[in-house]
Every structure is written in C-alpha cells, then in structure tokens.
C-alpha cells in the first residue's frame, strides 16, 4: 500500500494563505499520512539571533515571532484551543530565555526547536479546519540522534525502532504533523540536525516508517538544469537518478539538502520535489531507475570555496604523507571536499558551508600551525566550484573537449575528475563563476 511522507519548507508555511495551499496538496494526496514542517519563514533566523544574545534583551525579537504565529492563528475560525496551546509554547520560550545556561549549544538547540513546534501545531489546525482529521507528533520521540548539538548525527536504527512503535497511529486515518530539523539524544535532550536539516528529517522519518514516497514541497517547481536566477535558459528536469541528484545537491543545488537522499537511496523511496505555490506545475521525480540517463543532466555553482595547497619536497616517493595530513585535518574537524595531488604538492578545497556554518574557523589556526611544521601551506579564498553533472562524463571525450574549450578563457585553479562518473569539477574566481555557468549551459545543455 502506498504511504507518503510530505515535507513543507519555511516559505511553504510562511503565512495562512501558504498553509492553505499546503493543506490543499495534502487533501489531493490521500496517501500522505505524515507531514513534516519547517518553522515559518523568518522564525528560525530570529531564534538564532536570540541564541546569539543568550536570550538577553530579546523581547522585540520574541514579539516578532509571536506576531508571525498570531497572524496565522487569527485566521482560523475555531482558534480557542489553539490559542491556549500556542500561548503555552510561547510561555515556555519566555521561560527558556530566562534559564541559566550551563551548555550553550544544548540550550540553543532547545531554543531553536520552538519554531517547528509552533508551525506544526498551526498547520495541524489548518488541516483540521479544511476537513481533515489531524494531530501533531513530537519529532523528538521519533528521530533519535547523538549529542552533537547544532549538528547532531541521526541514529537510524533507534529512529526506525521508535517510528515503528508509532506506526499504528499512521494507519488510523489521521494525518499526523511533525517537526523537521529536530530530534533528541538518549537523554531526551533536544538536538538539531543543522540548518537545512528538515529535508534530512523527512527522509529519515520516511525510512523509519517504511514509506514508499517522499514529497519535498518548496518554492521552486523541481530541480533545474542550472540555477534559473543565473541562467534564463535553465529548464525543469522531469526525472533523474539518485546518483545524479546526490551529486547536484552536493555541488550547489540548494533546493535539496545533500544528506537527505541517503535514507531514500538505502530504502528505495521515490522522491518528488515540487512547488507548494504552484502544485500543478509538476516537479522532479528522483528514483533508482529513471527512464533517461543523458550524458549531461545539469551544471551547478557553489560559491565561497577555499583552496588549500600543501607543498613539501619530503612527500616525493614517500609513504604516509597523506595520512599525516588528513589525520591533522580530521582532528580539527576540517571537512575536505575535493583533492588533487602531484609529486610534491596536494591541493584540496574547503567549503564555507561546512565549518563556518557551525561557528568554527574554516581552517583553525592550530591546524595550520601543525601543518606548517612539515610543509608550506598556501590558502586562496574567493573561489567558486563549477560542477557538470551527468552520466559517464569521464568516458565521454566530446563532453570533456567541449568543457575545456568553453573554460579556456577563464583562470581555472583546480580540475577534479575520475572519482565519480557523474561529475567533472573545477574552481574559478568567484567573479567569473556565473559567466562560466551561463556559457557551459548554453553550449552543453541548451
């Protein structure tokens, strides 16, 4: 029997009209038994600002959040019980801001959870008003993680066990609404999966409940051959493989969280991405076996890349140099993206969406100091990663020739190909990134 999990992002549940459109999507899809929602647009940013101020002198920010919620609640006809529940959550938020902070990261995760907890309550009430039987489920009772606050790693075995304990509820004819982004550790402390983690939550819960389909509703009608804001000739992709989508998510397509596809791939869950603002426009289906596998599916741009080049004559014909280098980087939690090597140097890229997004330096000073004890280190910033995504790219001489002829007029700082048949990547100056994307798209995909 078909069982679908639907996820609605922050812009999809931003206000009452947006929630009504999402409710219509649920009404039109009877197989949807579980809905995962993000916080209303703008709420998480305000909560993060409150966290940065440790809750002090943040009354105006809290009032802005309450105003967003009240604007939705006031549109509901029978809002007495909702008003009480919402008021209780707001009171809990007020109390949390006054707490003494023993562990800021744990305190912050609890604080950030209020956005999703409020939006899920509001959306469940909207569904009820539209004639659907609906209630909320606390994601913290379903999605279990470790205690890495701010960027928790899910425990998929424990999550599946907790989901199956609640499976009977999903077979009751009720549409359950839960929260994206949040979970809990084995001490029941609230954790978060990191910004953009709601897609990941939805995929983990879809796997946990043995869903057949996962729908991700956002503000764009599917995945495009490139960012339409950069290239006007970009067009929607009707279907693609898990491998293509994973590469595209990793290399810059912000419509999909890079981690979200892993649970779907492992559990053969078909994924659909569509626009909640225009459901009739269709979208992109992602599955194990799409009907087409073109040589080139899309081109992507990822800005704010850092290139680290390590030079050492001692690595010539030596063993263990790479192991020593990566041991240091791992010890300082530095996430490496692309790697190329020569006889006496190693070039690697770091993505500012990683360490900096978690409040850490991209390459900590202590790590740099250790590296400089046995090699010379050059660091270049202000670069963009361009990725060509497709199938068998490394074996297609025509694609390689066309690509290199196209970028011949640009200063390419690094080329990486061979580790995957699905991508060809290179670094260019940030100022040239968009022009490279437009030129490549026009010559290869138009």
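Glycine too: its Cβ is placed from the backbone N, Cα and C atoms.
Those TrEMBL annotations? Automatic predictions, nothing curated.
Taken from TrEMBL, the feature ATP binding site applies to 7, 8, 9, 10, 218, 219, 224, 229. For 44, 116, the entry in TrEMBL reads substrate binding site. Sequence annotations record features per position, and here TrEMBL assigns domain 'ACT' to 310-382.
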Cα of residue 116 (substrate binding site) to Cα of residue 8 (ATP binding site), in Å and rounded, measures 11
C-alpha of residue 9 (ATP binding site) to C-alpha of residue 44 (substrate binding site): distance in Å? 12
Please report the three-state DSSP label of residue 44 (substrate binding site). helix
Which value in Å gives the longest Cα to Cα span across the ATP site residues 7, 8, 9, 10, 218, 219, 224, 229 as recorded? 24
May I ask for the distance between residue 7 (ATP binding site) and residue 44 (substrate binding site), taken between their Cα atoms and rounded to an integer number of Å? 17
So which one is it: of the binding-site residues 7, 229, which has the fewest other Cβ atoms within 10 Å? 229
Roughly how many angstrom lie between the C-alpha atoms of residue 10 (ATP binding site) and residue 44 (substrate binding site)? 9
Of all the binding-site residues here, 116, 219, which one's CB has the most other CB atoms within 10 A? 116
When you measure from the Cβ of residue 224 (ATP binding site), how many other Cβ atoms are you left with inside 10 Å? 22
List the same-chain residues at least 6 positions away in sequence whose Cβ sits under 8 Å from the Cβ of residue 8 (ATP binding site), in sequence order, or say none. 22, 35, 36, 37, 38, 123, 217, 276
Residue 44 (substrate binding site) and residue 219 (ATP binding site), distance between Cα atoms, whole Å: 18
Mind checking how the domain 'ACT' (310-382) divides into helix, strand and coil residues in DSSP? 24 helix, 22 strand, 27 coil
Note: in the chain of residue 218 (ATP binding site), residues six or more apart in sequence with C-beta under 8 angstroms of its C-beta are 9, 11, 12, 255, 273, 274, 275, 276
